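Features of the protein shown, as given by TrEMBL:
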SIGNAL    1-20  signal peptide
REGION    34-79  region 'Disordered'
COMPBIAS  57-76  compositional bias 'Low complexity'
DOMAIN    106-182  domain 'Cytochrome b5 heme-binding'
DOMAIN    216-307  domain 'CS'
DOMAIN    324-436  domain 'FAD-binding FR-type'
Amino acid sequence: MVVLQQWAATLGWGLGLCPASEPEPEVLPQKGRAELSRRAAYPGQGPGQGSRMLNVPSQSFPGSSSQQRVSSGGRSKVPLKQGRSLMDWIRLTKSGKDLTGLKGRLIEVTEEELKKHNKKDDCWICIRGFVYNVSPYMDYHPGGEEELMRGAGSDGTDLFDQVHRWVNYESMLKECLVGRMAVKPAFPKDYHEEKKLLNGMLPKSQVTDPLAKEGPSSPSYDWFQTDALVTIVIYTKQKDISLDSVTADHWDDSFRAETVIKDYSYLIHIALSHEIQEDFSVRVVDNVGKIEIVLKKKENTSWKCLGHPLENHNSLIPKKDTGLYYRKCQLISKEDVTHDTKLFCLMLPPSIHLQVPTGQHVYFKLTITGTEIVKPCTPVSDPLFSELKEPVLPNNKYIYFLIKIYPAGLFTPELDHLQIGDYVSVSNPKGNFKISQFQELEDLFLLTAGTDFTPMVKVLSYALTNISSLRKVKLMFFNKTEDDIIWRSQLEKLSFKDKRFDLEFVLSAPTSEWNGKRGYISPALLSEFLKRSLDTSKVLICICGPMPFTEQGMKLLHDLNFSKDEIHSFTA
């Protein structure tokens, strides 16, 4: 089993944020999430006062007569039946069998519902706010079924921590995940403003009716600490969360983490109570929807609170209603790609976590003659320019952009005049392309013109690498002359290497030696190009170019009877 080192030390569970005008609460000793939620509702009470939110078994664990307890203080294992080893369990979890009985759904579990599942063949256990159906695991548990049944139908966090605190249960039981406990804080009658009693749970008043009906379940957060680290844990309640769903920034004493959950944005924005080191790490727990942001303390002292809330802290709003948040990135290289296009490499500071999702873009911001000017730019990924010289930096700390320089333009000449070491402001990712559009995709067609080819780079790379159902990818690349074609040799090599990928260049002003296609986007070109591999193939057509190109292309695609669901237009 994987050992989580940061769990091996004594944890200090925090209440969340400091009250704005009240004394700071003490650090909670290690308790279950139920105790954490209870104390959030009644901050004046210490441990042991009041009643817990969940039914926690009172007996010791392991039991005094258990096969798992021995006089030396060690732990005996119960002999397992043949075919019930750890490797057998891993094979079962990877078999695709439904181990929860919920057919892949995640649900919120009430205390009443949890209590009902307390039998060997129907055993649910809550660990740190997550509920697992451990019935399939009974015969695989080295400590025997008796030990698992001690937590049946209840919060087993404290019992788990007494013996198994170092065990990576999230990985071991991820296919058994039922959902998260529906624990909600009870706010006092005189509760008026968010700054008073923040504990990481989103107050109900902040969730609008449309959001409750159409959006994701309200996310929440907690935090805990060791001597050297502070970990902020965000519970998104969604399985399709990845590292590029999170953008995090640390500036001075403030920490800001924005998580995109479907079409909504969840924001953590805090003035930290103590200083931290510049760098931090972000981890997403696979298939659980939990995000862990690990901060490094500057001093190994115990924090009594995480900090104080800043603007829009703990808010969940539609992504379309969020503004742009910028951070300064350093220019570390720029190289010619064509006669008028350059490849810019920007380095992220160690205090930033930013990964731009496939098919999305960011905005550059420069101050030109006293005015802030912004320009959308789409980063490109490495497969097509791996032959170019790259700086020796961690993969997640630098971003490449292909940008055409317009001599008579306003923004790009200013960008080109930047010297190595200068800074440019870069926004959080924007865009409406979703990876889910690739599900069960069989034919992918890409239509692009000039430097608006940039979104296609990551789309092409992702599709060829990750979509197992893909039969064919075709790129039709429109340019004026041969000299304008970006990464021509790299594209041709990729087409030769991967037989699923076909490539066509179309030039509007070619020389007499050009033997390829000529002209502009037209019904004749598209009808020949857009042929499905099978009559029933699932198709996606992506188009990106100057506005007249995109508008004309969209019209032609509709005329060719492609549906809206089969077309994605990249615009910014």
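Every residue gets a Cβ built from N, Cα and C, even glycine.
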Determine the mean pLDDT over the domain 'FAD-binding FR-type' (324-436), rounding to the nearest whole number.
86
Secondary structure content of the domain 'CS' (216-307), with strand meaning DSSP E or B:
3 helix, 55 strand, 34 coil
Over the span of the domain 'Cytochrome b5 heme-binding' (106-182), count residues by DSSP class, listing helix, strand and coil in order.
32 helix, 23 strand, 22 coil
